[in-house]
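Before any comments, here is the structure.
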Ligand code: SF4
C-alpha cells in the first residue's frame, strides 16, 4: 500500500500526468503481479511492462510519484518494485527536480546498473 502521508494534495495539475500514461486502457495485470507469480513468468511480464513505460510520455512523473509515495507493488515509471526498493536504499532525490515531481530516469537507471551489491537483474 502507498504511504498516504506522502501523497500529493488534491491538486489536479499534480495528478494530470496519469491521464497521459502509455498504460492507460491496458490490462493492469501487465503491471502488477498476480499472487504467487515467480521466476521467468514474472520477468517476462515485467519486461513487457517496462517496454510500455519506455515509450511513455510521463515516465518521469510516474517514477517520481512511485518513489515519493513508496508504491510497494507493480511497475511504475519503468521500474519494478524491487528496483524502486533498491533506489530508495541508494538514494534518488538528487535525480529529481526541486519539487520532486519529475526524475531523471536515465540517471536512476545508471544508478541501478552501478549498484554492485544488488542481485543480478
Ligand atoms: S511510466 Fe509506465 S506505469 Fe507510468 S504511466 Fe507510463 S506506462 Fe504507465
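Along the chain as shown, residues are numbered 1 onward.
Just so you know, glycine gets a Cβ as well, placed from its N, Cα and C.
Residue counts for the domain '4Fe-4S Wbl-type' (22-86) under DSSP, split into helix (H, G, I), strand (E, B) and coil, are 36 helix, 2 strand, 27 coil. Residues or ranges marked as domain '4Fe-4S Wbl-type' in TrEMBL: 22-86.
Per TrEMBL, [4Fe-4S] cluster binding site is recorded for 23, 53, 56, 62.
If one looks beyond the region 'Disordered' (28-47) by at least 6 residues along the same chain, the residues whose Cβ comes under 8 Å of a Cβ in the stretch are 73-76, 80. The region 'Disordered' feature in TrEMBL is assigned to 28-47.
Sequence annotations record features per position, and here TrEMBL assigns compositional bias 'Basic and acidic residues' to 34-47.
Predicted-model confidence for the domain '4Fe-4S Wbl-type' (22-86) is 95, expressed as mean pLDDT. For the binding-site residues 23, 53, 56, 62, the greatest number of Cβ atoms within 10 Å around a candidate Cβ is found at 62.
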